[in-house]
Amino acid sequence: MRIEQELKLGFKDVLFRPKRSTLKSRSQVNLTRDFTFKHSGRQWSGVPVIAANMDSVGSFEMAKALAEHGVMTAVHKHYTVNDWADFVKSADNATLKNVMVSTGTSDADFQKTKDIMALSDELIFICVDIANGYSEHLVEYVERVRAEFPDKVISAGNVVTGDMCEELILAGADIVKVGIGPGSVCTTRVKTGVGYPQLSAIIECGDAAHGLGGMIIGDGGCSCAGDVSKAFGGGADFVMLGGMLAGHEESGGEIIEKDGETFMKFYGMSSQSAMDKHSGGVAKYRAAEGKTVLLPFRGSVHGTISDILGGVRSTCTYVGAAKLKELTKRTTFIRVQEQENNVFGKEK
């Protein structure tokens, strides 16, 4: 047993230090990034925010809506191949280039991924997703997927430390998904005691990945636009959002009427709700590591994503970054013990 004494930080522990800026308006900030990926050699241009591959977030409807903003969607893995075929027929190329095909690591998942990727050459992103990215099986599976799809962009995770980040990139991942336990409906940290403060995870994994020419997705932990900016400032190439994009008409969640109000069900992908729906319940050897909540119905996602991107633009103006690419270079975090004045609580 050993204890690491170094302080690890989450988004709530820091604020940006403002810096002199020549920008006159948020409208001058460019949030589009141009990436060339290490293994596939593929190029992509867009706003590097991703809707999470959760049942009640990463839907086909969400993909079409967010593509209008240049934003990506990691479509959840529970759609059938026929569902994908219908989507590919109805979606334009601008949408398809901003979609990730999510998969698990079984032989059936591998065959399903092959069938989906064969539907269109415009599908270029594969998201290999398991809760514990420290499994040797994941490394072997990434190698298998890379051998089958040498020209596709592969994301794999989730991990929170530089060593495993490097191993996945060397195995063939272009992007590593970073985050264990920070999600709004994730209970892994309290159920298992395992986790890592998200900002420190992003900083450390980003440093490791960039040293090898790879990239990272900061997955989870964002509760407001300022957190999205902090993830980018800490070195995330992409930021994945679940709870912030849940509860919308495009989210695909179950709508529930209660006491005259409309709610949408939102749950973690290791929750009792998810396992009841997709796995016939929680296996005897497992424990649920997610919770189910009812969110007030929030209408269309367009207003929400515009608000998030507007917040990130505003961050850039405060620190003098004309492009999102410059944000991490312009970032100085200060440690704090408070974030906001809560005299009046949340706005109704």
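Using the three backbone atoms N, Cα and C, a Cβ is placed for every residue, glycine included.
Taken from Swiss-Prot, the feature active site, thioimidate intermediate applies to CYS186, supported by sequence analysis.
If you look up Swiss-Prot, you'll see 108-131, 216-239 marked as NADP(+) binding site. Taken residue by residue with DSSP, CYS222 (NADP(+) binding site) is part of neither helix nor strand, so it is coil. Annotation for CYS222 (NADP(+) binding site): spatial neighbours PHE11, VAL228, ALA231, VAL239, LEU241, MET244, criterion Cβ-Cβ under 8 Å with sequence separation of six or more.
Taken from Swiss-Prot, the feature K(+) binding site covers GLY181, GLY183, and the record attributes it to sequence analysis. GLY183 (K(+) binding site) falls within neither a helix nor a strand when secondary structure is assigned with DSSP, and so counts as coil.
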Within a 10 Å radius of its Cβ, which of these binding-site residues (ALA108, ILE216) has the fewest neighbouring Cβ atoms?
ALA108
How far is it from ILE126 (NADP(+) binding site) to GLY183 (K(+) binding site), counting Cα to Cα, in Å?
21
